[in-house]
Amino acid sequence: MAKSKFERNKPHVNVGTIGHVDHGKTTLTAALTRVCAEVFGGTAVAFDGIDNAPEERERGITISTSHVEYDSPTRHYAHVDCPGHADYVKNMITGAAQMDGAILVCGATDGPMPQTREHILLSRQVGVPYIVVFLNKSDLLADDCGGADSEEYAEMLELVEMELRDLLSEYDFPGDDTPIIPGSALMALKGEDDNEMGTTAVRKLVETLDTYIPDPERAIDGAFLMPIEDVFSIQGRGTVVTGRVERGIIKIQEEVEIVGIVDTTKTTCTGVEMFRKLLDEGRAGENCGILLRGTKREDVQRGQVLAKPGSITPHTQFEAEVYVLGKDEGGRHTPFFKGYRPQFYFRTTDVTGACSLPEGVEMVMPGDNIQMTVELIHPIAMDEGLRFAIREGGRTVGAGVVAKILK
């Protein structure tokens, strides 16, 4: 059989399931593949195929993640599901699986639980822009209340919904406007649909993903940004900086800023080359060399970025959500305390920074995740959502994401 060609005619959207342990994230993931395969074509993936998540290494951290895909009439979804809570923490902080939107799975019989809250907080910290709620096990709640058309069931459902909306609002998500879909993932997985809680509910969830999560901005549509990896001077032509374009497009004769470490300067791109060929432009994802007019070799260094003027600014102080590697992951063997000064590796370079811990936290153990405030000794070009590694002498001991810029 010929290998099927990957159709690029639909927008590609990254989603994932989040929520408390045993509320049904993996069952829902399997149900989504089954329902979409049946209704819109594609391949169903069994529960076991998702639950045995392969281990991956991301920035030196071992994470177990399952990746599945499914289609709606208008989109192609790539979906991540993690077996354990620690895997979610690592996944979201390292950005190993960046989500354009998350499906928060909450058991209707339990209501919001500690990890429900923690995953909403993590989503806020790492910049997951949209959350849709699937209120799972609604069939069990209906059984407990004397049926899906009983008054008690309607009241209980409303209570859980209110709790969830309050929780979402607490972390600056639009709780009142968040879609909440009651249903049963297990029913949908088995192909059942009593009281429209199975297949119908999961179809409704897919329709909600289609309408509530907007098409993500593609890297190429962003404001031009290229982290500088190397600097050369070419006799008679000037200074060339090389790197991989992170987002946007750079054209010849466009003005750019050199941002980070020292004061921001302006210059003009007078040439773009790739594999020794001269081009009119450099695009997101491409490794290229950019010739800069009137810029001296010593005015530019690795760790700075080349960017569209005004699109990014340098900062030294920020709040971060950090995961500290466990001893078995090659991390530290001992805790660290406030005033800890490791290197923070942003894009292409290490910068020393001092850590302040939240009130009441004396020390941080290997394997913890923590919110901390960091003050760098040099400014770095950053946006909220930028990922970094924490290193000691070139060895990764943690991973983090900029949650809020302070200065």
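Counting starts with 1 at the first residue shown.
Cβ atoms here come from the backbone N, Cα and C positions, even for glycine.
For the ranges 40-44, 60-64, 170-174, the feature annotated in Swiss-Prot as region 'G2' maps to 60-64.
Among the ranges 136-139, 176-179, 280-283, 296-299, the stretch that Swiss-Prot annotates as region 'G4' is 136-139. It is 81-84, from the ranges 81-84, 245-248, 357-360, that Swiss-Prot records as region 'G3'. Among the listed stretches 19-26, 60-64, 81-84, the one sharing the most Cβ pairs under 8 Å with the region 'G4' (136-139) is 19-26.
Taking the Cα atom of each, CYS82 (GTP binding site) and THR26 (Mg(2+) binding site) are about 8 angstrom apart. Long-range Cβ neighbours of THR26 (Mg(2+) binding site) (same chain, at least 6 residues apart, Cβ-Cβ under 8 Å): THR17, PHE47, ILE50, ASP51, SER66, ASP81, PRO83.
Long-range neighbours of LYS25 (GTP binding site) (same chain, six or more residues apart, CB within less than 8 Å of its CB): THR17, ILE18, GLY19, ASP81, VAL105.
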